[in-house]
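First comes the structure, then the notes that go with it.
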Amino acid sequence: MTMTETAKADPRAAGETPLVELKDISIAFGGVQAVDGVSIDLHPGEVVGLLGHNGAGKSTLIKILSGAYRMDSGEIRINGQKAEIHSPRDARRYNIETIYQTLALADNLDAASNLFLGREITTALGFVDDAKQEAETRKIMARLNPNFRKLNEPVSALSGGQRQSVAIARAVYFNAKILIMDEPTAALGVHETAMVADLIKELKAQGLGIFLISHDTREMMELCDRVSVMKNGQLVGTERVEDVTEDDILSMIILGKNPKREPA
Amino acid sequence: MSDAHANPIPSTAKDDRPAPKAPAKSFLSQLEIDLRLLGMVGAFVLVCIVFNVLTDGRFLTPRNIFNLTIQTVSVAIMATGMVFIIVTRHIDLSVGALLATASAVMAMMQTRWLPDTLGLPLGHAALPWLAILAGLLAGTLIGAFQGWLVGYLTIPAFIVTLGGLLIWRNVAWYLTNGQTIGPLDETFQAFGGINGTLGATGSWIFGLIAAAAAVLALLSARRSKAAHGFPVKPIWAEAVLIGIAVVAILGFVALLNAYEVPTRVLERDFAARGLEMPEGTTASYGIPYSVLVLIAVAVVMTVIARKTRLGRYIFATGGNPDAAELSGINTRFLTVKVFAILGALVAISAVVASARLTNHSNDIGTLDELRVIAAAVIGGTALSGGIGTIYGAILGALIMQSLQSGMAMVGVDAPLQNIVVGTVLVAAVLIDIIYRRRVGGK
């Protein structure tokens, strides 16, 4: 509680290069400073939660890392090396996979086509190998969601949970090292939410670094190692979950400051 | 539907439900034939039967079917390209005008520009091919340019191609000074329909090859599925499908071969070669080259749509443009490609259309944009994007043309013809919307 630098406070971080370092990131849309000088890092096997009101800049910050937006200033480092991420394709090259709030699925295509969208398996002649893609999809789905059966139907015919499995499968299949999950459980029922939570723990155990965005403070306390709170585009603070209570986090979200860090 | 499939995924210990048993499936679902395709074929057959009755059997004669086929080709070729445009949530109103420009370029090339600049005499063997090449280039480049305006400068496709509708029709006018250019080269005219056909023997050979290819394609798809352990149709269903395909292909060839060259035309041909026509000589037209062009276009476009990354990206972008972009697809360049493909197809249609008329005229392709869009939409292409098939668009073009020429044969007034076609277009979309709502798609 007395330490001021969170990175040092985290034992996992001692002497270890962070997987991702976002340094002094800023982006503005029109006159609005959506993200204003935010710095966050992420270590292998760690889950860092991003909290804040709607419009606090969480999603925007994360979209800079996933290549959907280009930052105005700042620096991204992956494994200590400066990274150039200008498009979703660039992000994928750094093994950054994103599961978006809106799922980013093409509703008219089936699960396999969505899973491999942009990275199709092709035959020797250069044609899309649908049979191979379907076989691979069956394999990964057997692991993620054994009840998944609607392989030949457009994903518009799937339930929220099944759609989420497709989105998650897409990230997991391509060996993500850095996973960004934007509200992964927002559209899910209780059972499916628990499934996603189990999956996050499993991926974390495999050494992935995960950025998790959610509104559910309790869920975040359970799943995350550290939480970063944003307000009006600025970082309020980053805390280890052991060091704070849910109330502390709520006041950070609402008041924009951590009551425990206030000088007495 | 696929819930009924045998479950290929090993069920987990937690899953204590009994393995789902496949319920008895209907005849049609076992065949795995698209219901929408069936509906369109049904509509087409109905149109044919009604007009055949109304015309006392003149509608379904080999001669009329031959004419119907060659009249459909030009619109059908463009409609396959329009499918890609509409699937990606765009529209192209300029196809009729662009057809005129491509046709003007090709006509001027073979009658004026090439003879004047290269000194090639009229009738030189290279003329038609160089002209076609120039037309294809013009069509593709103009298409790509319009695609660039839409994709990169983000001007709505409706506006870009509405401007194009005015621009290219009048560019064609300037290229020819408003004159009718003709007659076109004889080899060039062979792409028009009646002036270039395979003949009886050639048509049968083509039919047999096509039937063999269809059988091979069906069997190899089955083998590929089986190799990965996926469920396949029962063997009898496969046999029925193969039977339908073979009968359809060979039946079509037989019909076109049944249309015989009139005796006076044969006499003229023999006389032209300085020969006496033997008594009782007959000859069949067979499959027109223009129809071969349409078949080639249909096969290539279907392969692009179903089997290539380009096709997958076209449909993904139509289904969810944001998802496509986040998946790393360059949707702007994709727009350029899609418009360029349609531009090339419009140029091919221009070859067929001007060859059929044996000359280039100012009004060539007028209102084709509406026929092409209607064909694609009647063929099941959804204007909301993401859904459409190549065969549907061709069937749509065929249904439209059957209606139009059937009504002309019956003697329906010209204004009334258009009223009926317009009504059918709106009704077809309504039926499609109701069908989708029932099926539960979008």
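Note that Cβ sites are derived from N, Cα and C of the backbone, with glycine treated the same way.
Feature annotation from TrEMBL assigns region 'Disordered' to B:1-21.
Within its own chain, the transmembrane segment (B:35-54) is flanked in space by residues 28, 60, 378-380, 389, 391-392, 395-396, 398-399, 402-403, 406-407, 409-410, 431-432, 435, 439, which lie at least six positions past its ends and keep a Cβ under 8 Å from the stretch. Per TrEMBL, the feature transmembrane segment maps to B:35-54 (among others).
Residues or ranges marked as transmembrane segment in TrEMBL: B:66-88 (among others). Within its own chain, the transmembrane segment (B:66-88) is flanked in space by residues 95, 99, 157, 192-194, 255-256, 259, 285, 288, 290-291, 293-294, 297-298, 301, 305, 314-315, 317-318, 334-335, 338-339, 341-342, 344-346, 348-349, 352-353, 356, 368, 371-373, 375-377, 379, 381-383, 385-390, 392-394, 396-398, 400-402, 405, which lie at least six positions past its ends and keep a Cβ under 8 Å from the stretch.
Here the transmembrane segment (B:95-114) has Cβ contacts under 8 Å with residues 74, 78, 82, 120, 122, 127-128, 130-132, 134-136, 138-139, 142-143, 164-169, 171-172, 175-176, 181-182, 184-185, 188, 342-343, 346-347, 349-351, 353-354, 359-360, 362-370, 372 of the same chain, all six or more residues outside its ends. Annotation source TrEMBL lists transmembrane segment at B:95-114 (among others).
Among the features that TrEMBL reports, transmembrane segment is placed at B:126-145 (among others). Using a Cβ-Cβ cut-off under 8 Å and counting only residues 6 or more beyond its ends in the same chain, the transmembrane segment (B:126-145) has close neighbours at 98, 101-103, 105-107, 109-110, 114-115, 120, 164, 168, 184-185, 187-188, 336-337, 339-348, 350-351.
Sequence-remote contacts of a segment are chain residues at least 6 beyond its ends whose Cβ falls under 8 Å from one of its Cβ atoms, and for the transmembrane segment (B:152-176) they are 85, 90-94, 96-98, 100-101, 103-105, 107-108, 142, 146, 332, 336, 360, 362, 366, 369. TrEMBL lists B:152-176 (among others) with the feature transmembrane segment.
Taken from TrEMBL, the feature transmembrane segment covers B:196-219 (among others).
Taken from TrEMBL, the feature transmembrane segment covers B:239-259 (among others).
Annotation source TrEMBL lists transmembrane segment at B:287-305 (among others). Within its own chain, the transmembrane segment (B:287-305) has Cβ neighbours under 8 Å at 66, 69-70, 72-73, 76-77, 80-81, 83-84, 190-194, 196-198, 202-203, 206-207, 210, 253, 256, 311, 314-315, 341, 345, 348, 351-352, 355-356, 389-391, 394, counting only residues six or more beyond its boundaries.
When Cβ-Cβ distances below 8 Å are used as the criterion, the transmembrane segment (B:334-353) is approached by residues 73-75, 77-78, 80-82, 84-85, 88, 90, 92, 95, 98-100, 102-103, 106, 132, 135-144, 146-148, 150-152, 188, 191-193, 290, 293, 297, 304, 310, 313-314, 317, 324, 364-365, 368 of the same chain, each at least six residues removed from its ends. Annotated transmembrane segment per TrEMBL: B:334-353 (among others), in sequence order.
According to TrEMBL, the feature transmembrane segment maps to B:373-398 (among others). Same-chain residues lying 6 or more positions outside the transmembrane segment (B:373-398) and placing a CB less than 8 Å from one of its CB atoms are 36-37, 40-41, 44, 68, 72, 75-76, 79-80, 82-84, 86-89, 91, 93, 294, 298, 301-302, 305, 315, 318-320, 421, 424-425, 428-429, 432, 436, 441-442.
As annotated by TrEMBL, transmembrane segment applies to B:419-435 (among others).
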Chain residues in Cβ proximity to the transmembrane segment (B:196-219) (below 8 Å; excluding those fewer than six residues from its ends, i.e. six or more beyond): 189-190, 238, 241-242, 245-246, 249-250, 252-253, 256-257, 283-290, 292, 295, 355
